[in-house]
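I have placed the structure first, in the form of structure tokens, so that the comments after it can refer back to it.
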Amino acid sequence: MSTATISPSQIGRGARPDGEGSVQVQMETGAKIGNAKVFAIYGKGGIGKSTTSSNLSVAFSKLGKRVLQIGCDPKHDSTFTLTKRMVPTVIDVLETVNFHPEELRVEDFVFEGTNGVMCVEAGGPPAGTGCGGYVVGQTVKLLKEHHLLEETDVVVFDVLGDVVCGGFAAPLQHADRALIVTANDFDSIFAANRIVQAIGAKAKNYNVRLGGIIANRSDATDQIDKFNERIGMRSLARIPALDVIRKSRLKKATLFEMEESPEVLAVQAEYLQLAQRLWDGVDPLYCEPLKDRDIFDLLGYD
């Protein structure tokens, strides 16, 4: 993976490889992840992407699939409910060998979590330095070099919340479907619209396509439904606003490890249904995102 700065004289009017024309990460070619089904989870910061990703990963594993979850946020907290700890990141372990990846062992950066889900935290450079996209690229490269992706059925990328260049876009190079986690409120739907726009732009260069919305912390979905109908989106699942979900995070556990109750069993069933639906395959969506003013006018009550 390399970076490139393109001077104005080099910029033509035709199509350019992704990353050209600005200071961005140019993605490697031929970086497809084996035969695994790959999902990238997006959404507004704090919306519950890591909770959603971890429970979805366990749901896939309950279906008998071999699952790998890759946390792509410098906070490196994507997998702690699976591993019960904050595991070392790829950047952490690369630093210990002076960035000589050939000296790393699999057990240095891949950790087994709940029900056999394999977990990796890409980590990231310190705030204001480096490129998150480079870190994700190095993580996938390491996994391929150690042949870990050859024995994986499902890969789940849990992506940082902000729409930025490298860190946001890197998982899209590898993903088959991008899923957006949102709640039934203005701020998270507004962010979802921006993410739809960004993914649509990246889909011109990658094979990734929108898969749909996962409604999280949502007892109702009236605003999400308005948004979906307007842009041609669909909802794949609805996770209600349950206190047991908050408690599961505090217990460093997934919902599949919580004491059984009617509401726990219901939300487990929702995740299992979602995993099965995604495994069976969802048709790609080609949505038309709204302008900021239009979404402002669309949402809310008269």
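Counting starts with 1 at the first residue shown.
Placed from the backbone N, Cα and C atoms, the Cβ positions cover glycine too.
Site annotation (Swiss-Prot, ligand ATP) includes GLY46, ILE47, GLY48, LYS49, SER50, THR51, ASN216, ARG217, PRO240, ALA241, LEU242; from LYS75, LYS84, LYS144, LYS291, the additional listed residue is LYS75. The binding-site residues GLY46, GLY48 differ in how many other CB atoms lie within 10 Å of their CB, and the one with the most is GLY48. The Cβ of ALA241 (ATP binding site) lies under 8 Å from the Cβ of ARG217, SER218, ASP219, each of these being in the same chain and 6 or more residues away along the sequence. Binding of ATP is attributed in the record to GLY46, ILE47, GLY48, LYS49, SER50, THR51, LYS75, ASN216, ARG217, PRO240, ALA241, LEU242, and the widest Cα separation among these residues amounts to 25 Å. In three-state terms derived from DSSP, LYS75 (ATP binding site) belongs to neither a helical nor a strand segment and is classed as coil. For the binding-site residues listed here (LYS75, ARG217), the lowest count of other CB atoms within 10 A around the CB belongs to LYS75.
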